[in-house]
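Chemist: This is the structure, below, for whatever I ask next.
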Amino acid sequence: MAEISKLPEVVGEPYDVDLAGEEDGDISEKKGTSEDRHAMWRMGKVQEMRRNFRFVSIFGFSMILMASWETILGTSTIGLIDGGTAGLIWMYFICWIGFICVNTSMAEMGSMAPTSGGQYHWVSEFAPAKYQKFLSYMIGWLCVLGWQTGAANTAFLAGTQIQGLIALNKPDYAFEAWHGTLLVFAVSAFNVIFNTFLAKKLPLIEGIVLVVHIFGFFAILVVLWVMGPKGDAHAVFTTFNDYGGWNNLGLSTLSGLVAVVLPLLGADAAVHMSEELRDASKTLPRSMIWTTLINGSTGWIMLITFCCVLGSLDDAIESPTKQAYLYVFYNATKSVAGASAMGALVITMAIFCNLSITATSSRQLFAFARDQGVPFSKTFAYVSPKYDVPINAICLAFAVSCLLSLINLGSSAALMNIASLSTAAILASYIVSISCIALKRIRGEPLLPSKFKLGRAGLAVNLASIVFLVFVFVFSFFPMGPKPNAAGMNWSILMFGSTIIFSWVYYYVKGRHVYAGPVAYVRKSA
C-alpha cells in the first residue's frame, strides 16, 4: 500500500498550547470549556465553529431531528400494509429497546471522543491498528450516504404530507409525482437558507420548537383520546396482516420494519454537532439518552393511540390523502379544518426535523472532508468565517435531496427506497463502530477516559446492540411485497452497493494516498 503523501492541511488557530495552565472554569464562546479545548487538542483538530449549543438546545435539536411521534404518523402506512396494527405496535417497542442499547453504546463513545466525525472517527481510534485506516474510510462514506439520504428522506416525507393536506382540503386534487418532487425542492431550499443565514439562531429556534414538539404531542393525543372512535383493544394488539402479499405474517411484519425504525433513528445526531456543543463530553451522552427515552416513549404512546382510533384499516390505507394519519384526524374530528390544523402541526415538525438533519449531514460531511475522505475535500471542509457554518456541505445536502426526489417520478415506492437507503447506511456505521469498542472490551484493552461510562454492563450492552442492528440491517432492504415490479422494487440495495463500490475504487485510486484517518492526528500522550 502506498504511503500517505501528506497529512491534510489544517487552517485555523493551532492547538499547540499549554492546556495545563487553564482553569477548569475557563469558558470561551468560540472554544467552549477547558475540557472541550483539551478534547480538540487531543484529537488534533482546530475549533472552526462556535460552541453555542447548551444542553437544552442540543436536546431540542436531537428531539426535533428524531421526532418520533410525528414521524411514526408519517410512516404508519408502510407498517399498516406490512404488519398491521399489532405489527406496528410490537415491532416499535422491540426496536425502541434495541435503540436504547445502541444509543447508550454510542453515547459512551461520544463522551470519549466528542467530534463531528462521529462513527468514522471512533472506528479510526478503536479498531485494530491494521484495519483502522480502511475501515474508518468506509464508515465515513456510509455516514455521508446515511445522513445525506436522511435529509432527502425527511424532505420527501414532508413534501408528500403537504400533498395529503392539499387532498384533504381539495377532494378533486390529483396526486402528481412531480408535485411531490417540487415540494421536496421547496422544503430543502427553505432549510438550506435557514441553516446558512440563520445558523447562529439555530440553538434558540431548536429550544422554541422543542416546546411545540412536546405540547403538540399532548394536543393531538388529547383530541384523539376524546373524539376518536374507540377500537377493540384485543384486536388492535393482536391483529397482524399481510397486505404486501408475503403469505407469511412474520415475514410481512419484518418487511415493514423500516416504518418503526425510521422514527427511532437520529439520537446520535448530536454527535455530529459536538464541535458546536459546550462541555460536549458531559452534555452529549445526556442528550442522546434522554432523547431516546423520551422520544421513544412518546412515539409508542402516539402509535398505540393512533391504532386504537384507526377505525377501518382498509379505509385508512386507501385514503385519498395517501396519509393514514390524516384520515384518522378527520375521522376523529369530523372537521376538515380541525384535521388540517392537526396535520399542519405534524408537517411543520417534519420540516423542522429536516432542518436539523440538514445541519447534521453538513457537519458530518465537513468532518470527513477535513480528513480528506471525499473528492473536493477543501471545498466541503470550508467553513464560512461570516456564518461559521460549512456552506458548501449544506448546499450538497440540498443537491442530494433534489436528485433523490427524482426517484418519485418513476417509482411508486420512492419513500421506501430513500428511507431504506438512509436506514441501512446509518445502521452499518453503528454496527462497525460498536463492534470496535466491543472488541476492545473482549481483548481487555484500556478505553479512553470519559465522563459517561457503561462499566461492567458495557460488553453486554454492546453485544445486544450489534445483534439487534444486524437483524434490522438485513430487513431494511426488503421490498413491501414479493416479486415486485420495477416501480415497486426497493432499489436501496443497488444504491447502497454502488456507494460501497465507488468508495472502494476512490480509496485505491486516491483516497489511500491522502487519507490518514483521524487516529493519525491524535496526540497519544494526551
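Every residue, even glycine, has its Cβ placed from backbone N, Cα and C.
Keep in mind that what you see is a predicted model, and the values were worked out from it rather than measured.
So TrEMBL has the following annotated:
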| type | residues | note |
| --- | --- | --- |
| TRANSMEM | 52-69 | transmembrane segment |
| TRANSMEM | 89-113 | transmembrane segment |
| TRANSMEM | 134-157 | transmembrane segment |
| TRANSMEM | 177-197 | transmembrane segment |
| TRANSMEM | 204-226 | transmembrane segment |
| TRANSMEM | 246-267 | transmembrane segment |
| TRANSMEM | 288-313 | transmembrane segment |
| TRANSMEM | 336-357 | transmembrane segment |
| TRANSMEM | 389-409 | transmembrane segment |
| TRANSMEM | 415-439 | transmembrane segment |
| TRANSMEM | 459-478 | transmembrane segment |
| TRANSMEM | 490-509 | transmembrane segment |
Chemist: Considering only the recorded stretches 288-313, 336-357, 415-439, 459-478, state which has the highest number of Cβ pairs under 8 Å to the transmembrane segment (134-157).
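Modeler: Ranked by Cβ pairs under 8 Å, first place goes to 415-439.
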Chemist: Is the transmembrane segment (52-69) in contact with the transmembrane segment (204-226), using at least 3 Cβ pairs under 8 Å (sequence separation of 6 or more) as the test?
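Modeler: They are in contact.
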Chemist: Most CB pairs under 8 Å with the transmembrane segment (52-69): which of 89-113, 177-197, 246-267, 288-313, 459-478?
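Modeler: Going through each listed stretch, the top one turns out to be 288-313.
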Chemist: Sort out for me which stretch, of 177-197, 246-267, 288-313, 336-357, has the most Cβ pairs below 8 angstroms to the transmembrane segment (89-113).
Modeler: 288-313
Chemist: Between the transmembrane segment (459-478) and the transmembrane segment (415-439), are there three or more CB pairs that fall under 8 A, provided the residues in each pair are separated by 6 or more in sequence?
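Modeler: Yes; at least 3 Cβ pairs under 8 Å.
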Chemist: Taking the transmembrane segment (459-478) as the reference, which of 177-197, 246-267, 288-313, 336-357 gives the largest number of Cβ pairs under 8 angstroms?
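Modeler: Most contacts with the transmembrane segment (459-478): 246-267.
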Chemist: Among the recorded stretches 177-197, 288-313, 336-357, which has the greatest number of Cβ pairs closer than 8 Å to the transmembrane segment (246-267)?
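Modeler: It is 288-313, which has the most Cβ pairs under 8 Å.
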Chemist: May I ask for the residues of the chain that lie six or more residues beyond the transmembrane segment (288-313) and have a Cβ under 8 Å from a Cβ within it?
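Modeler: Residues 59, 62-63, 66-69, 71-73, 76, 80, 84-85, 88-89, 92-93, 96, 99-100, 103-104, 106-107, 110, 217, 220-221, 224-225, 228-231, 233, 236, 241, 263-264, 267-268, 270-271, 324-325, 327-328, 331-332.
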